[in-house]
Amino acid sequence: MSYQGKKSIPHITSDRLLIKGGRIINDDQSLYADVYLEDGLIKQIGENLIVPGGVKTIEANGRMVIPGGIDVNTYLQKPSQGMTAADDFFQGTRAALVGGTTMIIDHVVPEPGSSLLTSFEKWHEAADTKSCCDYSLHVDITSWYDGVREELEVLVQDKGVNSFQVYMAYKDVYQMSDSQLYEAFTFLKGLGAVILVHAENGDLIAQEQKRILEMGITGPEGHALSRPEELEAEAVFRAITIAGRINCPVYITKVMSKSAADIIALARKKGPLVFGEPIAASLGTDGTHYWSKNWAKAAAFVTSPPLSPDPTTPDYLTSLLACGDLQVTGSGHCPYSTAQKAVGKDNFTLIPEGVNGIEERMTVVWDKAVATGKMDENQFVAVTSTNAAKIFNLYPRKGRIAVGSDADVVIWDPDKLKTITAKSHKSAVEYNIFEGMECHGSPLVVISQGKIVFEDGNINVNKGMGRFIPRKAFPEHLYQRVKIRNKVFGLQGVSRGMYDGPVYEVPATPKYATPAPSAKSSPSKHQPPPIRNLHQSNFSLSGAQIDDNNPRRTGHRIVAPPGGRSNITSLG
């Protein structure tokens, strides 16, 4: 039974707002102008605007006015081993708004073999009744079963879902084979969907986990040791290769290592439509914490793919983000409490995976990229909002300050200092992986659907005020190029006459012959090796020989063989 939408849950009442004296920052331009908001939309942009009386005025005083952030990688209320992630849709979206994010795309994670449609309705209802900001939903394909194609069609055509995640890891749980990935990519391309990939080599991870546990390593460091970055990079390369054969766009989630990022950057230079998403954690911290003597601290960083133990990785990923080789920043927000993480205290494979970042994402990106001079303000807007809106077909409704766009607006103070700490964050967990980090850049005012939801450090939201935002298939930012490439690079056979020559008759035998028994499998039937020591054999060249009485001819040197000399290159 499908969820019919929330009942008697009041949406926020839009205010008439005038933002004066701000500097509008979009991904492609900046300008000084006032912005008038009404009925949840941006109505006017310019100077000396004529607005109705009684309008609330916000003085920006030259500060940046940017589109609200879009976090396309969250796992609120995700189930794991009978537990649920600590932040539900209320707590998670509340934290998002405080950090300047005004829309999320959350992952629906069905139990393997269960209905995608049923799971979607379950997530939709939970988000609709609790979310404080606008949201949409990815649907993860956790198994490739009979009937999945029909459900995917319904989700795309009737439910407003245009993005699906597949897994190359989690052997015997979520993992798909290469042939299944090929089938899924082909089918999803036909639907005009965005294909998200969790890229890790699940087969090798399973072997490494077994080996490391047998060595007696059970702590969080085992998580990183069993998932070296080569296994992420190999899977990224494989996913891009499969997508390239089909000519479909592919979006790599949670880029955590230099190797994986390099493969994405190189592939983009060669032409495949691939997009890479580092998360706040991989940009703001590293995997050296897995070796902390404090088990709870080490476990807090457990996520997959793991954070790189190389402390230079965050700076490297930030540089690739700044130059466009990586395009979007997510958070991968899926925190579990310390008590929940402790389920794996004696076995690192049982530690629930996930870190925080939904509140910290935009501040971390500003501090690591813009405040260091790697990235300008326009690029900041692109990687935190606009690129995501374009890829997932939300643009220009989201991701832009323009007349007609949704009134999701942030007044950003680039000079504001903020120390990240679990004592003041809005997440329900008692730790923060960015604990003690002092960052430049933070929102002063956050406006969602035309109403002020965060101002002067105070959050003012209600459960259920967020809206589900449906997304249409075939986002132009991706599929415009796909359509052209289908025409230009389509496969064509060679026009030739029919072959009418002889055809060898192949005997009707089984395709695969039974292999001969080996020494290991049938030692009793195997003959002893021949004797190579001539002293132990009855073979001799001394004494009388059987042909001693035959007449012998004098040897002659053959100048040319019978029939004359041959030419090895001649067939005549």
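Don't overthink the numbers, they just go from 1 along the chain as shown.
Yeah, the Cβs are placed from backbone N, Cα and C, and that goes for glycine too.
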Looking at Thr102, Thr142, Thr384, which one is marked phosphothreonine in Swiss-Prot?
-> Thr102
From the set Thr101, Thr186, Thr253, Thr303, Swiss-Prot tags as phosphothreonine just Thr101
Report, in whole Å, the straight Cα-to-Cα distance of Tyr316 (3'-nitrotyrosine) from Thr509 (phosphothreonine).
-> 58
Measure from the CA atom of Thr101 (phosphothreonine) to the CA atom of Tyr316 (3'-nitrotyrosine) and give the result in Å, rounded to a whole number.
-> 25
Fewest C-beta neighbours within 10 angstroms among the modified residues Thr101, Thr102, Thr509 belongs to Thr509
Given the modified residues Tyr316, Tyr504, which one's Cβ is surrounded by the fewest other Cβ atoms within 10 Å?
-> Tyr504
